[in-house]
Amino acid sequence: MARLCRRVPCTLLLGLAVVLLKARLVPAAARAELSRSDLSLIQQQQQQQQQQQQQQKQLEEAEEERTEVPGATSTLTVPVSVFMLKVQVNDIISRQYLSQAVVEVFVNYTKTNSTVTKSNGAVLIKVPYKLGLSLTIIAYKDGYVLTPLPWKTRRMPIYSSVTLSLFPQSQANIWLFEDTVLITGKLADAKSQPSVQFSKALIKLPDNHHISNVTGYLTVLQQFLKVDNFLHTTGITLNKPGFENIELTPLAAICVKIYSGGKELKVNGSIQVSLPLLRLNDISAGDRIPAWTFDMNTGAWVNHGRGMVKEHNNHLIWTYDAPHLGYWIAAPLPGTRGSGINEDSKDITAYHTVFLTAILGGTIVIVIGFFAVLLCYCRDKCGTPQKRERNITKLEVLKRDQTTSTTHINHISTVKVALKAEDKSQLFNAKNSSYSPQKKEPSKAETEERVSMVKTRDDFKIYNEDVSFLSVNQNNYSRNPTQSLEPNVGSKQPKHINNNLSSSLGDAQDEKRYLTGNEEAYGRSHIPEQLMHIYSQPIAILQTSDLFSTPEQLHTAKSATLPRKGQLVYGQLMEPVNRENFTQTLPKMPIHSHAQPPDAREEDIILEGQQSLPSQASDWSRYSSSLLESVSVPGTLNEAVVMTPFSSELQGISEQTLLELSKGKPSPHPRAWFVSLDGKPVAQVRHSFIDLKKGKRTQSNDTSLDSGVDMNELHSSRKLEREKTFIKSMHQPKILYLEDLDLSSSESGTTVCSPEDPALRHILDGGSGVIMEHPGEESPGRKSTVEDFEANTSPTKRRGRPPLAKRDSKTNIWKKREERPLIPIN
């Protein structure tokens, strides 16, 4: 029993092992049978495909044969995806048709058609094509370089005809050595020759062939190096989904072949290829450029490694170790350094850049010129109204009454507008250097130049010789306004003048308050500081004709030009005006005499006193050598009329200017001033000669009414005793009767005055000197006149009416003046 128990497990184990072995053997056999069946199926499918291709070729050959036979028709229908393609092959140099040239068609880089040309160099091919696929046609022949033609269309063609021109190969120089073979091109420049070198052992000659029968061809593919080449180069790269085509720009291209007995020899191995490169800015020694070879199975250029750029004999060369002879090009990949750039393309880029730059520069110049013209036009247009306003103002000034009579029309606004348009610096054309007592008499040319400058000045033609006297004693005068008017030491009656002047300046503060209150009532603002020296004469020194008693005194004292018919009324509007560092009496608003009653003529106060100034050296005779007979200063006199309400002060300035211009050598006979209002010469001015030389003082007073000139007749009966001075000294309105002045006329056209005249010197010096009395020249009637002045200082006595005879005499005098005009007024 024990033995049986031991045998049962052993048998069981052996049975299991057998079962397992059988189970493994059955699947292996089945698998073998399955694998054998798959192989047979694949082989059967391949056989069927080959049979179909053979049948298709037979059909195509049959169709071609039928087309050659006239009148034959094809019974087979052409599929939609097939179109007819005719290829014409010729020689590019001789333009001859090439027969027996191989033509191949590649669709999507797969060869679909391969045929040869007939005797006419043409062949007709049915090409199966689908839209979106690439199409390449190549043609080649022995002795010619292969020519590819990539082509792609978006529409299905029905018929197409193309022509391919083949370049003939260039025979090369072959150098056979014991171990190497060197092939070079036949180029004139040896420095840039391409060369191919390989081992002699790589050449395998056929039987009965000698090495001397070997012929080499090395051709530089110039057609591939042109930018506008129709036969553009297309390269392909292999990736996961398939082939990817890229556009190439070759930098170097070569075709190397070896023939022996008319047959091409295959050389495979390490071949050293050296090609010259085009000079490019983005290519330098050390760069690696991809190498491309033409694949006859795909019909495209395929990348096969990289070559190195080196510099040899100052030239760049591309060296590459090729695996076989054939077609090789050096072309960088698109988007990398040196891709698609050569000298021609750079020249085109530079040309366009220069052209665009020139266009941009011209446009900028045109725009700048347009804006410049527009700016000038706008400036002229804006400046025309101001210029027209200034011209109208000057014409209005010229057309006004140019006599010395005063007008009370308020034109201060017109003057202000004109002054704003003019340069302020022209108004203060002070010649401090010329106003020097030590300076000698100037020349005649200088005097004429200064006079012409006065006449041609633009701003109101105000002759401003020197304003330096304003600042000489301004501090003293501002501290004591009566200091310049008080006499130094008077032996007789100095107190009358002092009392009179103190009474005239006593109410300065009251008048100043009245000035500020009535400033706006008369429609004018403060006077510009540039004109303060014109309107600031505190007193007017006028000389009467009854004081000229002897002819010896006449050349030293001539009357100034006086206002014409009418009197000036000075009321409380006349008060001193203090501005910064200029303080003198300024009458604000003279009122015409027609507004006053006749009783006001009794209110004239005439202070008679023989006054003289200390003799000081001055240069007032500078104009004596060049003064004309008829001094015409229409601009100066005109401004005295226009600048109302300060016409009386401007009249004093006109007199001062004429006195300055008329100083010169003394004349033996008394002369009068003739002022031409319109600039006419002296010969055209009508004047008359009145001989009034008598022994006694006459009551006649002849004056040129139109010219505004006072002419005093000299009297030989007695010497000049004193000058008659009019001083504004009362608070009540005072009237200066200019008719009371005894004036006369003479025939001469030039007035002779000298600086020794004390009254005139006082006027020209701006009133800064002191008034002195000469007791030696006092007349018998002087005391009585002064006593009358003291007696009439009270307001009640000043209101008395003048005698009737005196008024009649004044009326008769004016009648005489009006009946005898000297010149016509245009």
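Cβ atoms here come from the backbone N, Cα and C positions, even for glycine.
If you compare Asn113, Asn701 in Swiss-Prot, the N-linked glycosylation site annotation sits on Asn113. Taking the C-alpha atom of Asn268 (N-linked glycosylation site) as reference, the shortest distance to any of the glycosylation sites Asn108, Asn113, Asn213 belongs to Asn213. Neighbours of Asn113 (N-linked glycosylation site), defined as other CB atoms within 10 A of its CB across all chains, total 18.
Counting every protein chain shown, the number of other Cβ atoms lying within 10 Å of the Cβ of Asn213 (N-linked glycosylation site) is 13. Comparing Cβ neighbour counts within 10 Å across the glycosylation sites Asn108, Asn268, the minimum falls on Asn268. Reported as a whole number, the C-alpha separation between Asn108 (N-linked glycosylation site) and Asn213 (N-linked glycosylation site) equals 41 Å.
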